[in-house]
Amino acid sequence: MGPGYVPFALGLLLAALGVATVAKAYVAPDTAPGEAPRDAGSDAPRDAVPDDEGGARRAGTQDVERHDAEAPDPRPLAGIQWRPTVAVVAAVAFFALTIDALGLIPATFGTGLLAALARPGTNPLRALIIAVGLTLASWVVFVVLLQLRLDLFGDWLGG
Amino acid sequence: MDLLDNLALGFSQALQWHNIMFCLLGVVLGTAVGVLPGIGPTATIALLLPITFGFDDPTSALIMLAGIYYGAQYGGSTTAILLNLPGESSAAVTAIDGHEMARSGRAGVALAVAALGSFVAGTVATVVLAVAAPPLAQAALSFGAAEYFSLVVLGLIGSIALASGSMLKALAMIVLGILLGTLGQDLYTGTPRFTFGVRELYQGLSFVALAVGVFGIAEILRNLHDPRTRTRMVSRVANLWPTRAELRRIVAPVIRATGLGSLLGVLPGGGHVLASYASYAVEKRVSRNPREFGHGAIEGVAGPESANNAAAQTSFIPLLTLGLPAHPVMALMVGAFIIQGITPGPDVMIEQPALVWGLIASMWVGNVLLVLLNLPLIGLWVRMLTVPYSVLFPIIVVFACIGTYSLGQNPYDVLAVAFFGLLGFVLIRAGCEPAPLLLGFVLGPLLEENLRRALLISRGDPSVFFTRPISGVLLGLALVALVVTVLPTIRRKRDVVFAEEE
């Protein structure tokens, strides 16, 4: 057995499971088109059509389908709001890209600002205040209290 | 009587006032750092490990570290329950029902139940550890590669019972998790796999980055898409204490979970993860109203938390007797042992009984201190929920970044957090749960390593998995578990059909 044996076998298995999931979606869709959106935690599946395999199966498991219940739309990309999604991912990526070059203070500030802006209702001034407070808090918690060896300012800023 | 002598020796060490102080200090620090959102037990211990380096007395250093461990674990459960941010895979199970409880205003109850269950389980498991360490070490020694492989298969199949959505998708998530676990250098040949020439990927993906991404960041994205969830949560934080009826409901789950956890914790390689998953699955099966699970069932918090703590205790057995770290935290413990000039293994028990038994006794002391410390503080932790979400989630994002980065000073780990956050969010939207993915990731490398080792030893003959008795039995159990998982679905489907005909 070489180094590729297990990954290859897993890849085949995953592909088979993917095909099965697609096939099942055609034969017995999780949410039939036109079916009323299901309520979280309600007894909605009781009126599932019994001859519909997906519906009947759901009747058994629906009550614990936490995530599904909260996202009634079966299309995973439908209804994604771009502002929070892009901002949060950008915030984390910003930290990764700047922590070494700019250091802890600028990286934390930028990440905090981007993250705070992710929520649609937050105005820039409030986001700025959050970012400043967060930078101070990070400095106190990680550098002063926990004594982590983090450069406050990175190579580019002469730290 | 060996046992009593050993325990007496242990407590004579652990109850020295300076050791109690170190244990208390460890518990306080561990809890304080552990409740920081986005920083789980592994990160907490890694952050606090250097504090213990300066100690002259290795016993005190290890006792303090054990205190940190329990504190960190409880702190991790706190964020799992309050913010749906499990810092390690075992707390992911607690988050399922614990967070639902928090959302319906019962955060205090969930935290109290977690503390009480952990205390009971910890007390029992300490005794189990003292009694069973030597013979269990013998049993674990007889496990070969084939047995480990079958055991991991059993664990993975068992975890499907947990998945609340489509079984097909849960299975796919496990396979994807194992596949992610194969990233990096191949164990036997050193060949880089899926690294795309990026040097930082040679050591594989960081568990913490994956966990923080698919649970923490993905959860934030989910919350931001559904602001209702937060307002509902803050408005009702009522009764902090469980009622008498609720306490009665958790007695049996705690006892079952303690047994399960003590047993599974001994197994090297994610025993505590298996324990909390298995406990949840068992409680869901035996419960009279399994529909409650996933919507804030108190048994779903009490069981896994107790199992987790019992397993945390007994997972010291392979470490102390074989020098085998059972999970990432134990690997950090090995590091601490070595820095103190001790190589963990069978010799330590014979050569340094005061240290080993002192550590075991201090675990119990740590559990007592944990309950004394945390029950009064529950109100304080719950207040974390009243912080406006617009302030809270940037804190989580920033702390998660710093925590992940500080583990290995590796910016790629943080980049991985961003990637897996997005992936986790898309998966949740697609009805795939991230918990099986994480379990596959943790157990995947063990699965592959033992599969290949077993086949190497048997010269490529796969029949070893069935002909070796322990391995055969474990695989048989896995098959039974699979059938049992599928069966209720079939049965309930028939029930629905019948109900319709009446």
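Keep in mind that glycine also has a Cβ here, set from the backbone N, Cα and C atoms.
Database features (TrEMBL):
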type: DOMAIN; residues: B:20-439; note: domain 'DUF112'
type: TRANSMEM; residues: B:21-49; note: transmembrane segment
type: TRANSMEM; residues: B:61-86; note: transmembrane segment
type: TRANSMEM; residues: B:107-133; note: transmembrane segment
type: TRANSMEM; residues: B:139-163; note: transmembrane segment
type: TRANSMEM; residues: B:170-189; note: transmembrane segment
type: TRANSMEM; residues: B:201-221; note: transmembrane segment
type: TRANSMEM; residues: B:316-342; note: transmembrane segment
type: TRANSMEM; residues: B:354-375; note: transmembrane segment
type: TRANSMEM; residues: B:387-408; note: transmembrane segment
type: TRANSMEM; residues: B:465-487; note: transmembrane segment
Any chance the transmembrane segment (B:387-408) and the transmembrane segment (B:107-133) are in contact, meaning at least three CB pairs closer than 8 A with a sequence separation of 6+?
no
What stretch, picked from B:107-133, B:201-221, B:354-375, B:465-487, has the most CB pairs under 8 A with the transmembrane segment (B:61-86)?
B:354-375
Which whole number is the mean pLDDT over the domain 'DUF112' (B:20-439)?
77
Near the transmembrane segment (B:354-375), which residues from the same chain, at least 6 beyond its ends, have a CB less than 8 A from one of its CBs?
6-7, 9-11, 13-15, 19-20, 23-24, 26-28, 31, 58-59, 62-63, 66-67, 69-71, 74, 111-112, 115-116, 118-119, 122-123, 126, 129-130, 309, 313, 316, 320, 342, 348
What same-chain residues lie close to the transmembrane segment (B:107-133): Cβ under 8 Å, and 6 or more beyond its ends?
3, 6-7, 10, 70, 73-74, 77-78, 81-82, 94, 97-98, 101, 237-242, 246, 250, 253-254, 257-258, 261-262, 265-266, 298, 301-303, 305-314, 316-317, 320-321, 349, 357, 360-361, 363-364, 367-368, 370-371, 374-375, 378-379, 381-382, 385
Six or more residues beyond either end and a Cβ under 8 Å away: which residues meet both conditions relative to the transmembrane segment (B:465-487)?
142-144, 146-147, 149-151, 153-154, 157-158, 160-161, 167, 285, 454
